[in-house]
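Beneath this line is the structure, given in structure tokens, with notes to follow.
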Amino acid sequence: MAKDIKFDIEARDGLKRGVDALANAVKVTLGPKGRNVIIGKSFGGPTVTKDGVSVAKEIELKDPLENMGAQMVKEVASKTNDLAGDGTTTATVLAQAIVKEGLKNVAAGANPMDLKRGIDKAVETIVADLAKQAKVVGSDSDKIQQIASISANNDEVIGELIATAFAKVGKEGVITVEEAKGTDTFVDVVEGMQFDRGYLSPYFVTNPEKMEVELDSPYILLYDKKVSSLKELLPVLEPVAQSGKPLLIIAEDVDGEALSTLVVNKLRGALKIAAVKAPGFGDRRKAMLEDIAILTGGTVISEERGYTLENTTIEMLGNAKRVSIDKDNTTIVSGAGEADIIKNRVNQIKGQMETTTSDYDKEKLQERLAKLAGGVAVLYVGAASEVEMKEKKDRVDDALHATRAAVEEGIVAGGGVALLRAKLALADLKADNADEATGIQIVSRAIEAPLRTIVENAGLEGSVVVAKVAEGSGDFGYNAKTDEYVDMLKAGIIDPKKVTRVALENAASVSGMILTTECALIDIKEENAGGGMPMGGGMPGMM
């Protein structure tokens, strides 16, 4: 396809118009008095949201050059969302401010590469200053609640639920968000290790009212192959039957003669027994069986390791305080594994999480980690309508990610104050030349933008409040919700340091690319050729 080539000011101005179009749509959502954005869809009802990245993702501009600018800032929002889970609006506002200030200087003759070097130096200094400002959250339930409430757009109910979930499962635990059947929003915590495999036969059920299998202090046999014949199982079944304890078999599958004999023995009351398929597939199944073995103090019976069912002894079986199984899930509570061995396994999984590049693998490793170290909490989000449900679920997701970020890297004063305080660190920063010094000044002015936007969304003059907050020190800032100047940390207005850091780094990265752009290539849309050839007339004599 033919390309239209734009150079210099024409290229950069087009990109800036796109940046402004997207940023202006996104920034109306910032702060406690930020407004909603309603997004029309070509099918279904409209979506109402206050989530910056949801707004950014929907924006496509008609002009191809402007659209390139918008897409670059969209990248800021989505990358910030991927890395920190929140702060997408802050990142967009910062990117717009850096681009605006930077292009003014480029138009006045500054060298774009020197400006970019100055911007990068300033960002590095601010990030170091944020690290000094950060305070550790640990397991402080109040701080977790405050962060979650702010990220959920000042919804204290959501904040409280997330704090409850964190208190129950700890920072290693997994918290997932699901849609509730009714209008109530609540937390459901699963104790112990749960995996998504139910009983292989309903005849194993011990509680007909709940249709569940409940086994107290059972032995647990872990086998990585299929069990089809009863003969294989007899060396295990006989000593277990003599002990009088129940038995749970977790294997690749149990079928044929083996399954039917187990069911008959269960119904006759000769054995308390149940069988489930092993969770996962392939290598992940082997790893999860090993996790269960470590948790329960058992051994995986695997021919790869030289073990067979025929030579399995009762000492090789795992133990747990309780096991409950329904048609979809198996939950093992209080496994008898040794704490040190479990801890080593947890550290091994953490190491794998750090080295893997796949988001999917990372998610699965996090789930395994939670099942071993913490637990699993499900946050059920309820609402009166589908539109409200989607909007609320977005906010809960944001709050959850922000809380994780806070636990990971600590917290700083919210409401744009932490960035404003970091300006002081730029005063001593040395530049190699005048344009680099200008780049540092660009960042110094741009980091006022989040506070300015929060104030303007609250209906006040941004410059006045920014000047007043700048006069103060420490955590002194402006509470837009109550229209007061307060100590931000004491008032519970806090941001995760990771969110602030990632927002600034991503904004500076994309802004630098726009400032150093000298040429833009755009597809030229081909004019539609006329319609096809007209239909010929019919043959003579035809109607």
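A Cβ is built for glycine as well, from the same backbone N, Cα and C atoms used for every other residue.
Among the candidates K6, K50, K393, K430, the one that Swiss-Prot lists alongside T29, L30, G31, P32, D86, G87, T88, T89, T90, G415, D495 as binding ATP is K50. Of all the binding-site residues listed here (G31, G87), the one with the fewest other CB atoms within 10 A of its own CB is G31. Sequence-distant contacts (6 or more apart, same chain, Cβ under 8 Å) of K50 (ATP binding site) comprise T29, G34, R35, N36, V37, N153, E391, D394, R395.
Between the binding-site residues T29, T89, the minimum number of other C-beta atoms within 10 Å of a residue's C-beta occurs at T29.
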